[in-house]
Amino acid sequence: MGKRMSLILGAFLSVFLLVACSSTGTKTAKSDKLKVVATNSIIADMTKAIAGDKIDLHSIVPIGQDPHEYEPLPEDVEKTSNADVIFYNGINLEDGGQAWFTKLVKNAQKTKNKDYFAVSDGIDVIYLEGASEKGKEDPHAWLNLENGIIYSKNIAKQLIAKDPKNKETYEKNLKAYVAKLEKLDKEAKSKFDAIAENKKLIVTSEGCFKYFSKAYGVPSAYIWEINTEEEGTPDQISSLIEKLKVIKPSALFVESSVDRRPMETVSKDSGIPIYSEIFTDSIAKKGKPGDSYYAMMKWNLDKISEGLAK
């Protein structure tokens with residue numbers, strides 16, 4: 001009986017050690033991958049489209065949350081400290097307002113343009129116009145697909161610099177991704193060119209569509225200018241309603257990452273319906289419409305053009 005028990009125990013230990021070794025091997029293989037951190041779901045999705053499974057990727061701001069103001073979790077601090085490369089938007093997004101990202105990388109002892117990089121580098125910046133934010137950069141450059149292409153090229157450039165052994169994969173994926181975005185951009189311009197000029201007005205909660213407006217020739221109006229200021233005050237709401245009495249657009253839109261109630265008040269008091277939810281600061285959860293940068297931009301372009309054409 002003792003001998004049999006020894007054999008069973010020996011077999012068990014052999015299996016245990018085999019599993020443990022296998023597990024350790026997997027862990028080591030994973031740790032060999034480039035450790036990449038992106039500040040939000042949009043940048044993370046672009047990075048994933050270019051890098052695929054060649055990297056370990058962590059996105060800081062959860063899907064559906066506001067990247068302007070965020071309190072990093074312990075996991076975010078750990079991942080940032082251990083990252084080989086960090087991608088952030090810049091131009092007054094994560095480094096505006098309470099500057100949560102600036103504090104995060106400082107505490108992690110990371111260096112700009114060595115460890116962390118602004119993916120917006122090289123875009124033509126548009127500036128805010130409101131009294132409290134006048135002269136500050138408008139961060140929402142990705143809402144112009146041409147800027148999304150610049151973001152993607154900046155991401156690929158740093159991935160290649162940090163991980164040259166996978167250069168061929170990054171270049172191949174970038175080429176396919178850029179072609180896809182260029183095709184969508186061309187289709188969007190045709191759609192908006194076909195809409196009558198007197199119907200062209202995007203009305204949103206946050207004034208985040210300036211880059212979109214410039215790219216596709218559609219002016220914008222909003223309740224508040226940027227999410228770092230007061231949002232949906234009575235004065236902001238009444239000011240927009242007065243404008244809408246003159247302009248009379250056919251539809252309103254509300255962003256997925258903001259409180260719907262201010263726009264619902266505008267809709268009720270103006271008699272103008274909310275046509276659709278749209279995406280600005282975040283992609284959608286996996287499996288939902290808008291669950292990638294490409295998908296969210298296609299959704300926005302389709303819904304806005306449909307709403308304005310009514």
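Placement of Cβ uses the backbone N, Cα and C atoms for every residue, glycine included.
The feature Fe(2+) binding site is assigned by Swiss-Prot to His68, His140, Glu206, Asp281, with experimental evidence given as support. Packing around His68 (Fe(2+) binding site) is summarised by its Cβ count: 22 other Cβ atoms lie within 10 angstroms of its Cβ, all protein chains included.
According to Swiss-Prot, the feature S-diacylglycerol cysteine maps to Cys21, an assignment based on sequence analysis.
Marked as N-palmitoyl cysteine by Swiss-Prot: Cys21.
Annotated signal peptide per Swiss-Prot: 1-20, in sequence order, evidence recorded as sequence analysis.
Shown in sequence order, Asp66, Pro67, Leu93, Pro139, Cys208, Ile226, Asn227, Glu255, Ser257, Thr280 are the same-chain residues outside His68, His140, Glu206, Asp281 whose Cβ sits within 8 Å of the Cβ centre of the Fe(2+) site. A coil conformation is recorded for His140 (Fe(2+) binding site) in the three-state DSSP classification, outside any helix or strand.
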